[in-house]
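Enquirer: First the structure, then my questions, so here it is.
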Amino acid sequence: MSILEHPAGGYKKIFESCEELAEPIPAHVSGKIPAWLTGSLLRMGPGLFEIGDEPFYHLFDGQALIHKFDLKDGHVTYYRRFIRTDAYVRAMTEKRIVITEFGTAAYPDPCKNIFSRFFTYFQGIEVTDNCLVNIYPIGEDFYACTETNYITKVDPDTLETIKKVDLCNYLSVNGVTAHPHTEPDGTVYNIGNCFGKNMSLAYNIVKIPPPQEDKSDPIEKSKVLVQFPSSERYKPSYIHSFGMTENYFVFVETPVKINLLKFLTSWSIRGTNYMDCFESNDKMGTWFHLATKNPGEYMDHKFRTSAFNLFHHINCYEDQGFVVVDLCTWKGHDFVYNYLYLANVRQNWEEVKKAALRAPQPEVRRYVLPLDIHRVRDIMIGKNLVSLPYTTATAVMCSDGTVWLEPEVLFSGPRQAFEFPQINYKKYCGKNYTFAYGLGLNHFIPDRICKLNVKSKETWIWQEPDAYPSEPLFVQSPDAKDEDDGVLLSIVVKPGVTQRPAFLLILNATDLTEIARAEVDVMIPVTLHGLYKP
């Protein structure tokens with residue numbers, strides 16, 4: 001893997017505002033798009049990084065923009081629109097930031113008198129609905145989401161905003177992740193923190209049923225399936241994703257905490273935002289939790305390991321009495337999001353590199369959790385319980401009944417992250433698999449697409465100078481025989497070119513060779529997550 005340098009700072013362009021499009025625009029196609037690849041690539045991300053003279057400060061603050069590349073008969077069009085969330089509509093109406101975002105505080109209307117402004121501070125928390133992180137299907141519908149209790153129904157064809165949905169009306173959760181799991185029949189699972197017994201915090205796995213025969217809304221039939229306890233009563237861990245095998249849920253409780261008391265009181269303090277409420281517990285390390293899916297029951301196994309940040313699970317599966325968990329980790333308890341303020345990622349290249357030196361270091365890791373630990377607890381103290389022949393990961397029984405986990409490292413490079421992971425989800429989610437695809441972050445700047453063989457640790461790379469790709473989405477070919485038979489779709493930006501500075505890149509998922517690209521004559525800002533809709 002060659003590590004590119006970016007002294008020209010072209011990456012700064014992907015963190016700049018853009019305008020939505022009045023109608024889809026045609027793309028210039030080079031190469032030959034597979035005839036079977038007919039559908040839409042939908043992507044979410046920030047598209048507006050300031051409101052008038054008021055800037056947003058964090059990468060996850062910009063107003064939600066939905067992108068769509070339509071592919072049909074070898075032709076491609078590109079379209080984008082801002083989601084009409086309350087946060088966006090009110091900001092456009094009042095020409096200022098009205099609702100506090102992840103790293104940017106909203107202030108009272110300066111036109112109000114001093115008494116009105118005073119009482120505004122004590123109205124309570126107005127949670128954002130800025131759904132810039134991901135989009136996923138529920139039943140026959142599609143919802144854009146962030147990590148709060150609000151999701152926004154959108155039309156995947158016209159990109160129109162349909163309605164805002166408050167999940168608190170149906171479920172006992174304070175919010176849910178932007179990374180649900182979906183089964184082949186359309187059943188959706190997600191996780192979010194909640195108040196458990198005696199007002200202590202817990203984490204609920206929620207289940208949304210598949211499309212209903214009577215065409216009713218599946219969200220109305222949502223339920224809590226199982227609950228995980230919290231290691232701290234008033235400080236839930238930050239959750240960005242979770243794992244699911246055929247029979248188990250995997251929840252990793254990291255030392256990055258939300259100080260709930262501060263969160264509940266901070267909106268009465270001028271200038272406080274979500275990021276101000278995070279803190280790290282430098283003593284707890286990281287805890288792994290398991291629960292069965294059917295029936296949903298918590299398994300009281302105490303798995304422990306050293307501290308790390310976690311945002312994305314790659315995959316989990318069961319094998320011979322073990323659960324194998326592959327993760328994109330960041331070493332230590334310092335919160336990675338502290339390094340994703342726009343002021344940091346917009347710096348000149350040498351300053352970007354210096355900041356990344358201070359940040360937690362990325363590593364792809366495999367952990368192995370033994371399932372039947374009660375039976376061997378007394379006779380295996382101090383011994384490794386993992387007997388799988390293909391991994392060096394260990395799980396050692398301790399005298400206090402905890403199991404200490406050490407990982408096998410699948411990929412590691414200094415300040416070179418394998419992140420935003422994807423797999424052949426349709427066929428291999430929750431199953432023993434071989435290949436993962438990811439976005440390569442070079443000192444937090446996305447500059448390559450990666451493929452990783454998790455068995456052999458072999459890697460493949462696509463990259464071009466001054467090119468900034470997005471999360472690669474795997475689309476399986478209709479006649480696929482092997483796990484990696486298919487293509488990868490990624491939006492790439494090349495700010496240095498004078499014409500058509502952005503394109504949809506189509507790669508052969510087997511070897512990451514280019515099949516085609518569809519170039520458009522507009523800049524496209526950074527996107528986070530998305531899906532391919534056939």
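Every residue, even glycine, has its Cβ placed from backbone N, Cα and C.
What you are looking at is a predicted structure, and each value in this text was computed from that prediction instead of being measured.
Positions annotated as Fe cation binding site by TrEMBL: His179, His240, His312, His529.
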Enquirer: Write out the long-range same-chain contacts of His312 (Fe cation binding site), meaning residues 6 or more apart in sequence whose Cβ is under 8 Å from its Cβ.
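Expert: Non-local contacts for His312 (Fe cation binding site): His179, His240, Ser241, Leu327, Cys328, Glu419, Phe420, Pro421.
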Enquirer: Counting only residues 6+ apart in the same chain, whose Cβ is under 8 Å from the Cβ of His529 (Fe cation binding site)?
Expert: Arg43, Met44, Val133, Asn134, Ile135, Ala178, His179, Phe420, Glu471
Enquirer: List the residues in the vicinity of the Fe cation site, defined as same-chain residues other than His179, His240, His312, His529 with C-beta within 8 angstroms of the site's C-beta centre.
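Expert: Result: Val133, Asn134, Thr177, Ala178, Ser241, Phe311, His313, Phe420.
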Enquirer: Using all protein chains in view, find how many other C-beta atoms are within 10 Å of the C-beta of His240 (Fe cation binding site).
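Expert: Within a 10 Å radius of the Cβ of His240 (Fe cation binding site) lie 19 other Cβ atoms.
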